[in-house]
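Look at TrEMBL and you will find A:1-22 tagged as signal peptide. Taken from TrEMBL, the feature transmembrane segment covers A:32-51, A:63-82, A:88-107, A:163-183, A:213-236, A:248-274, A:286-305.
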Amino acid sequence: MSGAGRIAAGALAAAAAGPAIAALVPPGVLLSLLAQACIYAILALSVGVLARQNGMVSFGHAAMFGAGAYLAGIGLGAPGLLPAEAALPLAVLAVAAVCFGLGLIVVRVHGIAFAMLTLALGQACFEAANKARGVTGGADGLTVALPREIFGLPAATFQRAEGMFLIAWLAMVALAALAALLARSRFGLLTEAIRENEERARFLGYGTVLPRAAVFALSGGIAAAGGVLYVLYNGFVSPETVHWSVSGSALIMALLGGTRTVWGPLAGAAVYFLLREQLVEVTERWLGLLGILLVLVMVFLPDGLSGLPRRLRRRHGAEA
Amino acid sequence: MRSRREAIIGATAFGASAAGLAGAARAQARREPIRVGVPTSQTGAYAVLGEEVIRGVQFAVDEANAAGGIDGRQVEFRIGDEQSNPDAARRAAERLALGGHGLLIGAISSASGLAIAGQLDRWNALYVSTVNKADRLTGEACGRRLFRANHSDAMDLMVVGPWLRGRPERKWGICAADYVWGRDSAAGFTRAAQETGKEVALSVFPPLGTRDYAPYISQLKAAGLQGVWVVLSGGDAINFAKQARQFGLAAELTIVGHAYIVPTTLRAAGEDVVGSYGVINYDASLDTPQNRRFVEAWRRRFNQDPGEYEAETYTGMRLIFEGVRKAGSTDADKVAQAMNGLEFESPFGMVRMRAEDHQLVMPNLMGRVVRDGGRVHRAIEMTVPAAEATPPPSAACRMG
């Protein structure tokens, strides 16, 4: 089977697993947590795409996530202006477009400087969400009333755990498949070549800024899609969602799962999110415990949790 | 911490049922207990306020159980950490509500309260705010399962107008934290000043978390003002108070604050705010028979005076108890229904839960920090009765 065929088959199998999980897990706290985990997994995926294709570590992806949520929320709040079916995709496209423009500048900066730049831009968005009270509701947040129907589905579907879990799961699988297909394409290979040796790619005659900016835009668009689902599910968004600590969590999820594979950040998000929710119940020191876990994973599994199968296979191969 | 708390609840429950007749105890055991969920801050920026909320809940629960429960129902409560973050507040409240503790109370930030408010129908829960001040909670965002047992920002501003009218100062300035609360309060004060024929000559908006207020204080001093309206809280209020005294601002003009002369400011900078005025939502010296009983029992237990968040949370718990009593049920939907128009006794005297917007109609106070011998404390100068202190329901509120 070709690479693209394998990805399509994997995506179909993963998509089919969604309804199975929804049928097995009784609707309640757990299913709601799973729905939220999927939404954050999409954010982690976006951070992973940037790390994988561009080799760039972002400390500002909560800004794209939050911008998607706020734009969708504002769009839904003005139903006379735009139908919801237009407002939601527009929110994603707008964030991707802005990221492309920004990307043309920021991808020229490398390493720690890039991380600091994304941190600064992200915090600027956080301040803006706090200060633009007329539009965002400021520190009190934005309450969003959904229209009766969106894409032919009753609004309640988006706000019930059963409905949102399926929607977020399918969106997560589709976006991950898209990222995997892209990584295999000519464009994906080019960005990886640039990631490994930008000087050389340029020497071979490739422009290196445009492809990297395109990856930045794609990554921003994926994060924004997560934000749109977030605001649909919660009916509420506040500046805390844009805060750098959310960017930090997304980065931890991506690193925990490993960014060498597309699915690594998804696994990292599931582990981080569900573990955190369990730890919060048991102890106020949950942040410390999660930190220790991350250190252990980084030391013993530098490729993250998704590197585990490969390591096992290699050890197995060595023994045989 | 958690296990000790549960042990306390258990011990109280045991004591109460052992004291009762065996038959009565059996009858009580059959009644559905009242299960209260407390999504409040145990970590994060508001953890200190969360402690006050938990004390208020604990006190109300123990008092009810010691008296044999509410209509023979024991009261249980469970705490969820909202981490001073609305996203975590939603999850903490969801876990509590779906786990059977659907009578929710006590989130700290208005954003957390608003995040919870949107989910109540889905969880078959209700939420009583005892700290959230944003007007939206009883305005645009109001709902049949959403209640406020504390003062809103609009209520705090209602007492400023009458107070200003009796003051000689004509030229005012404003020093407010640069975010939604500070800006809204500044706008409200400006309106109140204009209505009473005063002038607001200068407004400064230092960012949250400012340490050095010198540039703002020198602007205020240079503007030839006679009074300043201060809208700062927590560490900001303490820093401002110390520097305002140091640079002679406090000696030159009248300082009056929104949530400025609160116990946290008094504890950290008591000497610095002597002479300052401010809105006081609750004070232990409040002269109602219920409050005298409440303060006496509180002092016996905690060896200090109750603060406003403690008294308001206690009031919110009383609202839940009386709602359950009237509904004859612990079902959140029925209790919420029963709370409409409910009148009950609280430390604030007899209060009423207004059916139109679910704002508790309660009195509000203005006072001044004074030094009595060695003791720095607040003296109430003006009590605005409930009817005047509570603005009419917002037109933006449409009960669904």
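From the backbone N, Cα and C atoms, a Cβ is placed for every residue, glycine too.
Nobody curates TrEMBL annotations by hand; they come from automatic prediction.
Beyond its flanks by at least six residues, the transmembrane segment (A:213-236) meets 35-36, 38-40, 42-43, 45-47, 49-50, 53-54, 56, 58, 61, 64-73, 76, 88, 91-100, 102-104, 106-107, 141-146, 150, 158-159, 164, 167-168, 171, 175, 179, 182, 187, 191 of its own chain at Cβ-Cβ distances under 8 Å. Pairs of Cβ atoms less than 8 Å apart link the transmembrane segment (A:248-274) most often to A:32-51, out of A:32-51, A:63-82, A:163-183, A:286-305. Within the same chain, residues 43, 46, 88, 90-92, 94-95, 98-99, 121-122, 124-126, 129, 135-136, 142, 144-147, 219-221, 223-228, 230-232, 237, 239, 241-242, 246-247, 250 sit at least 6 positions outside the transmembrane segment (A:63-82) and bring their C-beta atoms closer than 8 Å to a C-beta of that stretch. Here the signal peptide (A:1-22) has long-range neighbours at 31, 34, 162, 165-166, 169-170, 173-174, 176-177, 180-181, 184, meaning same-chain residues at least 6 beyond its ends whose C-beta is under 8 angstroms from one of its own.
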